[in-house]
Every structure is written in structure tokens, then in C-alpha cells.
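**Student:** Take this structure, written in C-alpha cells, and hold onto it; I'll ask about it next.
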Amino acid sequence: MLPFLSMLVLLVQPLGNLGAEMKSLSQRSVPNTCTLVMCSPTENGLPGRDGRDGREGPRGEKGDPGLPGPMGLSGLQGPTGPVGPKGENGSAGEPGPKGERGLSGPPGLPGIPGPAGKEGPSGKQGNIGPQGKPGPKGEAGPKGEVGAPGMQGSTGAKGSTGPKGERGAPGVQGAPGNAGAAGPAGPAGPQGAPGSRGPPGLKGDRGVPGDRGIKGESGLPDSAALRQQMEALKGKLQRLEVAFSHYQKAALFPDGRSVGDKIFRTADSEKPFEDAQEMCKQAGGQLASPRSATENAAIQQLITAHNKAAFLSMTDVGTEGKFTYPTGEPLVYSNWAPGEPNNNGGAENCVEIFTNGQWNDKACGEQRLVICEF
């Protein structure tokens, strides 16, 4: 390396300096001159022998850094470092495919009851249920209003004479009694004014001859007036016989209530409307036809005692929605339940009365308690 650098130094020097040096060196008397003096380049001589290595020169300045060398081979993988802190959550990924249905879990605890719903509309009153078992005797309630007068009871045993009481209020007129035996003829009274001629009655059966009466005083010779009086008496007797016959037939029904001149009775039998109507007609009456709240209350007492609904006589067979009595008269009193009559199912043409006294339109083919009116 050193000889190469020496040649570079010599080549860099100017030729003039080189020649002067050579001249000065050539004038000196130095042994073995050939080894020290270089030939002039103009002389084209042979190259000299290699010189000795000179002393090492001073260390030069640090040169500029060279270009980076090629990347070396990867080193061996180092040991795994400690786990770093948890990073922030990444963005949600796309939903994966739906998995298979899992097994049913155990039933959950019952939820809290929701708020109470609105009150629904009133349902239609159902049929009367079977009579329940009698409950324990309750406490005595307040004294009720005076009820409708009951039927005349049978004559009781004669009691001992009590002290004279105060005069009571007039009682309800009782049913006409049986016709008594004919009494003796009384004295003839003064002749009254002639009355209007009544309609001739039906000829009655010939009666049993009575006892001969006491001879009366001589009356006025107006035979026409006497005949009129006799005809009037016959008419009254016939009406009494008809009324008595009705009471006899009504007595066949064991349970009843009396209101004014009406009697409502039942035999505790249940029939369809037409059969019930025929049953009352054969007994000389008709199905119950309440025309007032008092009569309706008397019928209610009967059906409450039997715990059954009963048919009334009114229908709307002639005109839908217009109920009439059997005579064709429109109603003068009614006590319909709320929302009635509604002709449910399009075939409710008869009327039934519930144990609460309210009315409902009902199919005539149903069976209901028979209550007759006399």
C-alpha cells in the first residue's frame, strides 16, 4: 500500500519541481546514485528498482461515512416479552351466522301483575242456576214493608174470649163464600122504583122445591116489576156461580199470592210457553200478566220461593219489539232488565221474569215455571 501512495505523490507534483529536484540531486555526489535517482520522463529509460518503504505518515482525518452496507441476515427470535396493557376495544365486527337454537331455559319467575284493565261491558244475565244448599241462619234483618195480603187461611180452633180490642182498619175483601141454604121468606118490602131492564140470563136448572113459606102480605099487583127483579137475581146468582167455579179451579194450584181482585198461583210445574198458556186456560185463567209494580212484586215472591224463572203472558209475535197482552193491548207496565229486550238470536218472542223481578225476552220453546192469573 505504501509504494502505491508514494507513486501517487510523485505523480501529483508539478513537472518543474520534479526536474529541479532531479537536477539538484544529480549534482550531489552520493554513492549508489542509480538506486536513488529516477530517470527523467523525457529520457525514456528503464524503470528503477523498488525503493524502500518509508516511515508511516501521520494518521489522516476521519473520512466521511461510507454508504450503508447491505442488510444482514435476521437474528434469532428473542424471548417473548411481558403482556402489554389491554388495548381499546375495536369496532364491532359483522354479525356471524345464526347459531342453532339452544335448549329451553328454566321458567322465569312470575312477572309483576300489570295494571287493572278497564271494566268490560256487562254480560247478559245467565239462566237461573240450581238451588244451592241452605246456608246458616243469618241475623234478623230490619223489619220489611207490609207485603201483599195472603190468601184466607183455614178456620182455626176457637180460642178463649179475650178483652175487647180497638176497632181495626177494614180488611181486604175476601173471596165470596159458598152459597148458604135458602132462608125463610121474609115480609114483602115496599115497592121500589123500576130499574133498567138487564140482559136476559141463561136459563138455569130447575132447583129443588123449597119449603112453603109464610103467607106474606098482599103486594102490589105489578107482576112485570117482580119478573124483572127475579131476572136480576138470577143474573147475580149466575155470576156468583162462575166466580165460585174459578175459585174452585184456582184452589187446585197449591201456592199463590193475592193482589186486589187478582190471584197468582202456581203448581210448581215447568212447561214451554204454549203448554203453559193452555194449562192456565183450562184452569179458567191465563198466564200471569202484571200491570203494576205491586202485581210484579207478588209474582216475584212466588218465583223466589221456587228459585225458578217463569213465563209471563206477553209476546211480540205480531210485531217484533212491540210486546202486547193476549188481548192485543200494548203494555201499561214493564220492568225490563238493562239491555233488554234484545231478541238474541232472532227468536226471543216471549217474556220471562227473574227472581229479582226483572224481565227478559226469551225463546218460547224453553221450559219455565207456570204461574196462572185468576
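Numbers run from 1 along the shown chain.
Cβ coordinates come from backbone N, Cα and C, glycine included.
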**Student:** If you have Swiss-Prot open, could you say which of Cys39, Cys280, Cys350 makes the disulfide with Cys372?
**Tutor:** Cys280
**Student:** In Swiss-Prot's disulfide listing, Cys364 is paired with one of Cys39, Cys350. Which one?
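**Tutor:** The record-listed partner cysteine is Cys350.
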**Student:** Do you know the DSSP helix, strand and coil residue counts for the compositional bias 'Low complexity' (70-79)?
**Tutor:** 0 helix, 0 strand, 10 coil
**Student:** Tally the residues of the compositional bias 'Basic and acidic residues' (49-64) by DSSP class, grouping H, G and I as helix, E and B as strand, and everything else as coil.
**Tutor:** 0 helix, 0 strand, 16 coil
**Student:** Mind giving me a neighbour count for Cys372 (disulfide bond)? Other Cβ atoms within 10 Å of its Cβ, every protein chain shown.
**Tutor:** 27
**Student:** Name the secondary structure element type, per DSSP in three states, that contains Cys280 (disulfide bond).
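**Tutor:** DSSP call for Cys280 (disulfide bond): helix.
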